[in-house]
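Enquirer: Provided herewith is a single structure, encoded as structure tokens, for subsequent inquiry.
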Amino acid sequence: MRVLGIESSCDETGVAIYDTEQGLLGQALYSQVEMHARYGGVVPELASRDHVQRVLPLIREVMTEANTQPQQLDGVAFTAGPGLAGALLVGAGVARSLAFGWNLPAVAVHHMEGHLLAPLLEPNAPAFPFVALLVSGGHTLLLDAKALGEYEILGESVDDAAGEAFDKAAKMMGLGYPGGPRVATLAQQGTAGRFRFPRPMTDRPGLDMSFSGLKTFTLNTINDLGGKEALSEQDRADIARAFEEAAVDTLVIKCRRAVEQTGHKRLVMAGGVSANQSLRAKLAEQMKKRGVDVYYPAPQYCTDNGAMIAFAGALRLQAGERAELPIKIRPRWPLTELAKLQGAD
């Protein structure tokens, strides 16, 4: 089965073609980061307009790269949510129009299921069941992934997502947008032990998380040093290191509890923050002690991309799922509302 996938939930336009026998045949991605950076964050209206301009040229590019004609496709997959409503409508509208014109089935894909399944694109793919940590700018979830489409939430952030906290901490330090990668890079130059930030909600049972307190602690630390303008480069590096260490420790502690609670010996981490090298190293170290194998997507599949949507769509189309004819999106869409796919175990 060969599927065209379209991702447009936020500020990346991603297109890919995935074949269940040959793997990924082609992909293209356009990031709007530079456009949104001047505003310090994503502007939904600008994101939607840019998707309109980019998506069809990217589809043509990928079809050429994959040496694929419309008649060789078996379906079209698109991100239906969660995400920005206008951005989702662009991808959904184009996908449904192409599917109708090419007489192909279409399938709606949950954005976070796409992330969750991205590590399965790798040669050494994990089998169900496993614990999954989905950690990005919009979501931070710990899941018991029992089968394709059967997910139980073990814990989640009760306030800000981890990636959002990284971005806001970066903004407080004057590092610009997007802040997560900049904080991680700067943290490598930080002095260990100069500052120690709290590890929120790790002193109580349960798997829920909180990251808003880290933002407050960051702001208070900056103010204690005389404000953002008074910070030296070493101050910024030391704050970045303390912030990253606290966020990483919090996530690792919760993952450790999750594998102990479920008894699973496989852990998947996906989403934009899964590219953080400190988080990967600390998680691998802790899971190795417990005999748990850890799986990540390749770096290019950590952030939003079309490959994960094409892949997830292919699995759902194989199981007989089809999108209804009216174009429907779900800007808010709990992952637990996905139906388990019959025969997908």
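Note that Cβ sites are derived from N, Cα and C of the backbone, with glycine treated the same way.
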Enquirer: Check Swiss-Prot for me: it has His111, His115 binding Fe cation, so pick out which one of Asp293, Asp304 it puts in that same site.
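Expert: As annotated by Swiss-Prot, His111, His115 share the Fe cation site with Asp304, chosen from Asp293, Asp304.
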Enquirer: Since Swiss-Prot lists Leu134, Val135, Ser136, Gly137, Gly138, Gly180, Asn276 for substrate, which candidate among Asp144, Asp167 does it give for that site as well?
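Expert: Only hit among Asp144, Asp167 in Swiss-Prot's substrate site, alongside Leu134, Val135, Ser136, Gly137, Gly138, Gly180, Asn276: Asp167.
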Enquirer: Would you mind reading off the Cα separation of His111 (Fe cation binding site) from Gly137 (substrate binding site), to the nearest angstrom?
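Expert: For His111 (Fe cation binding site) versus Gly137 (substrate binding site), the Cα atoms are 13 Å apart.
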Enquirer: Tell me, if you would, which residue among Gly137, Gly138, Gly180 (binding-site residues) has the fewest other CB atoms within 10 Å in the structure shown?
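Expert: Each of the binding-site residues Gly137, Gly138, Gly180 was scored by Cβ atoms within 10 Å; lowest is Gly138.
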Enquirer: Looking only at C-alpha atoms, tell me how far Ser136 (substrate binding site) is from His115 (Fe cation binding site), rounded to the nearest Å.
Expert: 10
Enquirer: Should Gly180 (substrate binding site) be counted as helix, strand, or coil on the basis of DSSP?
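Expert: DSSP assigns Gly180 (substrate binding site) to helix.
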Enquirer: Given a separation of at least six residues and a C-beta threshold under 8 Å, show me what packs close to His115 (Fe cation binding site) in the same chain.
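Expert: In sequence order, the residues whose Cβ lies under 8 Å from that of His115 (Fe cation binding site) (at least 6 apart) are Leu134, Ser136, Ala270, Gly271, Pro297, Met308.
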